[in-house]
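Annotated features, as they stand in TrEMBL:
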type     : residues                     : note
SIGNAL   : 1-24                         : signal peptide
DOMAIN   : 25-320                       : domain 'Plant heme peroxidase family profile'
DISULFID : C35-C115                     : disulfide bond
SITE     : R62                          : site 'Transition state stabilizer'
ACT_SITE : H66                          : active site, proton acceptor
BINDING  : D67, V70, G72, D74, S76, E88 : Ca(2+) 1 binding site
DISULFID : C68-C73                      : disulfide bond
DISULFID : C121-C316                    : disulfide bond
BINDING  : H193                         : heme b binding site
BINDING  : T194, D240, T243, D248       : Ca(2+) 2 binding site
DISULFID : C200-C225                    : disulfide bond
Amino acid sequence: MAASFRTWHCLMLALLLLAPAAHGQLSPSFYSRSCPTLGLIVRATMIRALLAERRMGASLIRLFFHDCFVQGCDASILLDDVGSFVGEKGAGPNVNSVRGYEVIDQIKANVELVCPGVVSCADIVALAARDSTVLLGGPTWAVPLGRRDSTTASQSLANSDLPSPASDLATLISAFGNKGLGPQDLTALSGAHTIGFSQCQNFRGRIYNDTNIDAAFAALRRRTCPAAQGSGDGNLAPLDAQTQLLFDNAYYRNLLGQRGLLHSDQVLFNGGSQDALVRQYSANPALFAADFAAAMVKMGNISPLTGSAGQIRANCRVVNSS
């Protein structure tokens with residue numbers, strides 16, 4: 001009797017350990033049996049996407065951020081406006097700004113060929129953000145999986161919950177705090193601005209009005225960003241002029257030299273609560289890498305749909321027809 005009980009106990013323990021995303025929790029092994037090649041498919045598609053346009057890596061990290069901050073990490077940002085359905089793509093922070101939808105579509109199509117109806121668009125967005133970081137020279141991490149896709153979107157929440165590039169430090173800390181992310185997470189995640197570009201309309205106020213800015217840096221940025229609103233609004237400048245396509249800690253060194261491109265960047269180092277951490281990250285790339293990876297996992301855990309909630313969309317851009 002004792003032997004059989006031990007056998008049963010061991011069997012149940014093994015099943016619990018093997019069961020992916022048990023009790024609605026996310027797990028890196030969620031698709032280990034249902035789609036074991038998922039990671040390889042995503043990585044291969046991402047390599048092709050970044051070979052075509054290296055900047056796309058930054059865009060996909062931003063896509064993940066803009067998804068998770070609105071309704072949680074549920075792929076709601078991917079939904080197109082269809083008929084009376086209004087999605088988040090037209091929201092102020094997203095319109096003519098967020099990119100990478102076509103890459104997510106391609107990953108989804110490639111995954112569906114091998115594992116039809118299994119992998120959510122929300123998980124694909126999370127994996128694409130991780131692979132973008134790794135392929136551009138940044139840290140890696142195990143991505144918890146098992147999210148499901150929303151059947152709703154909220155343009156109003158996208159307009160209210162995504163922080164503006166003109167935000168001050170208190171506003172940023174509050175916006176991140178509302179999502180369960182602390183000031184350290186804010187400062188670490190802002191380090192994603194070590195790659196990518198921003199539009200003139202997002203930093204015009206910084207380079208013409210802010211006083212805590214390196215004069216030579218401001219003059220350089222003004223060359224391609226006219227002072228008049230509506231003139232050159234879409235002109236791009238690198239968020240990190242030193243290594244704009246390499247994921248490193250140069251962003252923080254820029255802040256020390258008052259060369260943050262956005263107002264919301266420089267407020268992290270302006271005599272406030274995050275100054276010490278910015279100094280640490282500028283001097284210790286390993287610390288930044290570890291904190292960034294941990295913060296990305298934490299952000300990926302914002303209000304996911306799991307279990308029977310939501311759905312697995314067949315097409316990331318539209319809700320499944322009932």
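A Cβ is built for glycine as well, from the same backbone N, Cα and C atoms used for every other residue.
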With a radius of 8 angstroms around the mean position of the C-beta atoms of D67, V70, G72, D74, S76, E88, what other residues of the same chain does the Ca(2+) 1 site pick up?
H66, C68, F69, Q71, C73, A75, I77, S150, A153, S154, A158
Reported mean pLDDT - the domain 'Plant heme peroxidase family profile' (25-320):
97
Tell me, how many other CB atoms lie within 10 A of the CB of V70 (Ca(2+) 1 binding site), whichever protein chain they belong to?
29
Out of S76, E88, T194, D240, D248, the binding-site residues in the record, which is closest to C68 (disulfide bond) when you go by Cα distance?
S76
What Cα-Cα separation, expressed in whole Å, is found between C121 (disulfide bond) and D240 (Ca(2+) 2 binding site)?
30
Cβ packing number for C316 (disulfide bond), 10 Å threshold:
22
Between the recorded positions R62, C115, C225, T243, C316, which lies closest to V70 (Ca(2+) 1 binding site), Cα to Cα?
R62
Can you list, in sequence order, the residues of the same chain other than T194, D240, T243, D248 whose CB lies within 8 Å of the CB centroid of the Ca(2+) 2 site?
I195, Q242, Q244, L246, F247, N249, A250, Y251
In whole Å, note down how far the CA of S76 (Ca(2+) 1 binding site) lies from the CA of T243 (Ca(2+) 2 binding site).
32
May I ask which residues of the same chain, at least 6 positions away in sequence, place their Cβ under 8 angstroms from the Cβ of E88 (Ca(2+) 1 binding site)?
H66, V70, S76, I77, L79, N94, A153, S154, Q155, L157, A158
In whole Å, how far is T194 (Ca(2+) 2 binding site) from R62 (site 'Transition state stabilizer') when you measure between their Cα atoms?
12
Return the count of C-beta atoms lying within 10 angstroms of the C-beta of T194 (Ca(2+) 2 binding site), excluding that atom itself.
28
Which has the fewest other CB atoms in a 10 Å radius around its CB: D67, D74, D240, D248, the listed binding-site residues?
D248
My understanding is the cutoff is Cβ-Cβ under 8 Å with a sequence separation of 6 or more in the same chain; which residues meet that for C115 (disulfide bond)?
Y31, S34, C35, T37, L38
